[in-house]
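K.L.:
After the structure tokens below, expect a handful of questions from me.
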Ligand SMILES: [Zn+2]
């Protein structure tokens, strides 16, 4: 049931190939707008003037909102249930929440029951584009792993306990966090709504914005936003 840690040097080498393969989103300012693109063009796509003649441009890259779960030890991670966020995500119903252990293994509760998948066996396409909801510092790694074992030994988290509406991936993560008692998180882990408001929504709000902009650029080549629209 419980896997030994894979040598870190080995899994880091393996995971190295699965880093962000999506194009960066670059933002620059021109003709009173923020313009989002995958690469800075020679001419403004809105007003057609050459960008070289403007001192307004100042391009910067938007922070990429996703992580590769196996590279985030001792974390709570959220992914799209089907496919990835950028291509397939539709709405918040299609989300799956899971934990990682100190080796980057994925520990999750789903319809087949509890799954503990070593980082080297993880389906990389499924777990490379996750939102990092929470991560403990290294000083907590031993406590995190031990609590995981205790919670699973005690509660079982078997297939027959699964109920899509009431005993699901969230139930497992919240039960674990209640037992972990990490700093002041305990007061926010008694129900899904409170946990979501405190930890999930602040992280997913930016990801949602990024997804929207990403898809608009993909469809149109660029996306202009009024500078004062925020
Ligand atoms: Zn322009």
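Even glycines carry a Cβ here, placed using N, Cα and C.
This is the feature table in TrEMBL:
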type: DOMAIN; residues: 23-51; note: domain 'MKRN2 opposite strand protein-like N-terminal'
type: DOMAIN; residues: 59-217; note: domain 'MKRN2 opposite strand protein-like C-terminal'
K.L.:
What does DSSP give as the helix, strand and coil breakdown of the domain 'MKRN2 opposite strand protein-like N-terminal' (23-51)?
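P.N.:
Within the domain 'MKRN2 opposite strand protein-like N-terminal' (23-51) the tally stands at 1 helix, 12 strand, 16 coil.
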K.L.:
Limited to the domain 'MKRN2 opposite strand protein-like C-terminal' (59-217), I'd like the whole-number average of pLDDT.
P.N.:
92
